[in-house]
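If you look up TrEMBL, you'll see 15-489 marked as domain 'Major facilitator superfamily (MFS) profile'. Sequence annotations record features per position, and here TrEMBL assigns transmembrane segment to 17-40, 52-72, 84-101, 113-133, 154-171, 191-209, 245-264, 284-305, 317-336, 401-423, 435-453, 465-485.
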Amino acid sequence: DVVETQEHYKSRWRSIWIMYLTMFLSSVGFSIVIMSVWPYLQKIDPTADASFLGWIIASYSIGQMVASPLFGLWSNYRPRREPLVISTAISVAANCLYAYVHVPHSHNKYYMLTARALVGFGAGNVAVVRSYIAGATSLTERTSAMANTSACQAVGFILGPVFQTCFTLIGEEGITWKLIRLQLNMYTAPVLFGALLGVINIILIFAILREHRVDDLGRQCKSINFEGEESGVLDQDAEGNVDHVAVVAINFLFFVILFVFAVFETIATPLTMDMYSWTRKEAVFYNGIILSVVGIESVIVFMVVKTLSKKTGERAILHGGLLIVLVGFFILLPWGKKLPNIQWQEIKNNSIPRTTSIEMLMPFWSLQAMQLPSNHTVEPVGCPVTQSWCLNTPMIYLAQYISSDILIGLGYPVCNVMSYTLYSKILGPKPQGVYMGWLTASGSGARILGPVFVSQVYTHLGPRWAFSLICGVVVVSLLLLEIVYKRLIAFSVRYGRMQE
């Protein structure tokens with residue numbers, strides 16, 4: 001056994017902190033432009049409609065879903081610096097492309113679609129990040145490191161729109177640099193800032209990141225990614241097969257967790273507009289506050305769960321997190337006799353139905369810029385009569401909605417961290433790049449399908465059916481967890497090399 005030196009320990013954790021930063025910047029790259037995509041799209045290409053906006057928003061997750069297994073496979077056989085630098089460079093180039101989508105004379109919307117898909121492709125490096133952290137931490141360090149990673153991701157999602165808001169001070173016109181045809185305005189400045197952060201990230205990866213690997217006990221190991229003359233021992237504990245039943249089970253559970261959260265996030269705007277007669281502006285403003293609070297709650301939970309898991313174990317916490325999510329959606333089921341206000345005005349003035357299927361394909365913040373035409377002096381509010389369920393489905397009270405937000409904001413981060421932690425422990429000393437790629441792809445697929453599910457079921461059948469089906473999906477995942485519960489153990493524990 002090779003005892004880890006203080007110098008090696010510091011170098012190992014410096015590299016892990018670079019991984020935290022990479023995860024943070026990856027999530028900022030997604031959220032920093034999401035509020036301004038729609039007005040920018042309208043400005044550069046008047047032919048683009050709301051349905052095309054849905055594709056632009058989905059293209060990020062599609063790109064990430066395709067790239068994650070590829071970068072994961074790359075990281076299994078080559079130094080991880082390579083896929084990290086290349087993926088970050090792709091994101092930087094994609095952000096620069098986004099800043100120039102106004103230049104072509106036609107088909108501008110397709111250039112924007114390509115840019116967002118490439119940003120998502122670059123974000124496929126989260127599989128490399130997670131696999132590196134899994135390989136560079138012992139079992140006792142793993143939960144804490146995975147929680148920190150998820151917290152950095154959550155903070156990135158929260159701060160992205162904050163950065164965007166700051167850049168709105170530049171205004172729509174901004175400054176034009178004619179020599180290189182660059183327009184620096186409220187739409188392009190955020191992506192150029194993201195590109196700058198990406199360049200800084202690449203420099204830090206070259207300067208600080210070193211390949212480190214330890215076994216489940218924390219002993220230094222060599223691996224296929226090994227570079228240089230650093231001392232270490234070959235890992236003899238890698239012998240044995242991965243439990244693929246447990247692997248598939250965690251992939252399914254992770255898909256469910258991301259799916260229900262995507263539904264929750266997407267449903268916020270249409271649900272509150274239908275139930276509480278909020279206008280678009282009110283729905284965006286109030287839900288923005290609510291989801292910001294949920295984001296802060298999630299970061300706190302990420303920190304608390306690190307300590308809690310040491311006392312109860314990851315499986316029990318995952319079980320508890322799923323139960324909390326189930327209760328959160330069960331509370332959303334309509335009860336009582338009071339019906340929501342019906343949007344009768346919609347028939348009188350023959351206005352366009354306010355809540356369409358495609359609107360639900362968009363996160364709540366992307367609706368911020370979708371305003372009624374200036375000739376509409378009063379925006380119709382309430383539950384549109386085009387949704388037939390509005391006439392017979394009881395309303396969901398605001399107290400129900402707020403309670404559900406709090407519970408889902410508590411259960412989701414718990415499930416997220418425990419899924420990644422259990423997954424990495426089940427895989428053990430085996431190369432985890434491809435496996436982490438599939439897990440990331442599962443989450444990306446869930447983020448694509450969740451809004452589609454909502455747009456169809458909620459619009460045509462109403463909240464009772466939508467939330468009942470979600471509760472059913474969570475119950476199935478709880479039953480699956482019960483069936484595979486005893487198999488969700490660390491690789492070293494499974495082969496008797498460590499005590500649980």
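Note: Cβ is positioned from N, Cα and C throughout, glycine not excepted.
With pairs at least 6 apart in sequence, the transmembrane segment (113-133) and the transmembrane segment (465-485) have fewer than 3 Cβ pairs within the 8 Å limit; the two do not touch. The largest share of C-beta pairs under 8 angstroms with the transmembrane segment (401-423) comes from 317-336, of the ranges 84-101, 113-133, 317-336. Sequence-distant contacts of the transmembrane segment (435-453) (same chain, at least 6 residues past either end, Cβ-Cβ under 8 Å): 54, 58, 61-62, 64-66, 68-73, 120, 124, 126-128, 130-131, 134, 242, 247, 250-252, 254-263, 265-266, 360-362, 419-420, 423-424, 427, 466.
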